[in-house]
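Heads up: the structure comes next, in structure tokens.
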Amino acid sequence: MRPTQTPKTYRVKSFGCQMNVYDGDRMAELLAEQGIAPAPEGEDADLVVLNTCHIREKAAEKVYSDIGRLRREDGSSPLIAVAGCVAQAEGEEIMARAPSVKMVVGPQAYHRLPEMIRDASEGKRVTDTDMPAETKFDALPRRRRSGPTAFLTVQEGCDKFCTYCVVPYTRGAEVSRPHADLIDEAKRLVESGAREITLLGQNVNAWTGEDAKGRAIGLDGLIRELAGIPDLARIRYTTSHPNDMTEGLIAAHGEIGKLMPFLHLPVQAGNDRVLKAMNRSHTVDSYLRILKRVRAARPDIALSGDFIVGFPGESDAEFEDTLGLVDAVGYAQCFSFKYSPRPGTPAATMDDQIPAAVMDERLQRLQAALNRDQLAFNKASLGRTCDVLVERKGKHPGQWLGKSPWLQSVHFTGEAQVGDLVRVELTEAGPNSIAARLLETAPA
Ligand code: SAH
Ligand code: SF4
Ligand code: F3S
């Protein structure tokens, strides 16, 4: 494409967390509204949006290799926009290092893409990493299409400042979207086909708002209201912070049938000195006490978490404490990462950075323990009867894939359609998926 042409087709590529996936979908909707069509599979797009993640070093480096890969055989490039958290953190460097990038747009400014595209089509290079007071949500088009599962960002940003983390810098301060907007967006998603909604936020359980009568409510109040939408069958939320697990939210797990029995509650490490150095503001004990209360409210709850190994100064014995915590909890699934020093964060300049080989070994041992527990959790669910929300066709004829209430991937064969909630019996467990037998189709 010559720089003086407006783009006819687009492709949005999102990396990183689910909030980026949500933002990527919203950008796609915005571009479609401008009359730009999604590029057909396998074909070059006139406009490519790289919706990037800055959380770990490898994620950030990927941007530059992706930009390089967009160059076509004839030496030309599509119109490239870099969005997301790398754009926010390193916008200027990207502009300096990658001349083929014409637009840099931060996570709070992407509603301004249409104007930026107009400028870029005239040959200008434009950067917008503002965090404007007017919210992007008010400027974005209404939701019109949805698969059976949908994301809904209810809260953005983070005020916690864990010493290793870039999110407070790339996403800004904690902001809750207004209650009425969320109810409206949820209803539209359900009208467009969503049967399950996952509420998203960097600290989703820090969400606060006022209900229609002006009463202050927390995430549990919002979930309760969403549960009143008749055709919405399932509600999930992620990611939550231990300090924002209120009494009400814990109780909601025992009271709201549509709230699925799954909790992702990152802990990062199993040693109090390390947690303090991370500025996590919870202890191992306070974390375990929360889990105990959640389990009392909802005994079958599946627990999930995030871990970092090799935080600066983490000794062998302190790492062993993390393994001890894993043994004590018995997680259903988890994410675990090697510590990655991020520019501008306090931990990046701390003494005693841990050698790569030590981190590798710790990560392997941690993942072996987590995999063992995940398989054990899956095996323990065999014989259970539950509903599966059908998300897509499987590889084999007549096979369908979906999720159990405990977020396990389930496959079964039989009469079904995408979006159905079907009753199954879980019959065979692997580490990453479960085979099931179809019992009957639940009434829609
Ligand atoms: N707000 C969420 C997590 C957001 S980031 C929370 O506080 O729990 C997702 C995960 O990435 C974190 O939970 C952490 O495990 C990991 N992470 C964040 N910064 C990291 C870093 N510098 N190195 C390695 N992992 C990191
Ligand atoms: Fe990052 Fe900590 Fe905020 Fe989570 S709570 S986003 S880990 S600073
Ligand atoms: Fe990555 Fe930004 Fe999400 S850094 S994890 S895309 S908030």
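The chain as shown is numbered from 1 upward.
Note that Cβ sites are derived from N, Cα and C of the backbone, with glycine treated the same way.
What TrEMBL says about this one:
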DOMAIN    8-122  domain 'MTTase N-terminal'
BINDING   CYS17, CYS53, CYS85  [4Fe-4S] cluster 1 binding site
DOMAIN    144-376  domain 'Radical SAM core'
BINDING   CYS158, CYS162, CYS165  [4Fe-4S] cluster 2 binding site
DOMAIN    379-440  domain 'TRAM'
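Looking at the domain 'MTTase N-terminal' (8-122) alone, the prediction's average pLDDT is 94. Listed in chain order, the residues near the [4Fe-4S] cluster 1 site other than CYS17, CYS53, CYS85 are PHE15, GLY16, MET19, ASN20, THR52, HIS54, ILE55, ALA59, GLY84, VAL167, THR170, each with its Cβ within 8 Å of the site Cβ centroid. Sequence-distant neighbours of CYS158 ([4Fe-4S] cluster 2 binding site) (same chain, six or more apart, CB under 8 Å from its CB) are CYS165, VAL167, PRO168, ARG171, ALA173, GLU174, GLN202, ASN203, listed in sequence order. Ligand 1 lies under 6 Å from the Cβ of the following binding-site residues, listed in sequence order from CYS53, CYS85, CYS165: CYS165.
Among the binding-site residues CYS17, CYS158, CYS165, the residues whose Cβ sits under 6 Å from any atom of ligand 3 are CYS17. Taking DSSP states H, G and I as helix and E and B as strand, the domain 'MTTase N-terminal' (8-122) has 55 helix, 24 strand, 36 coil.
Screening the binding-site residues CYS17, CYS53, CYS85 for a C-beta under 6 A from any atom of ligand 2 leaves none. Ranking the binding-site residues CYS17, CYS85 by the number of CB atoms within 10 A of their own CB puts CYS85 at the top.
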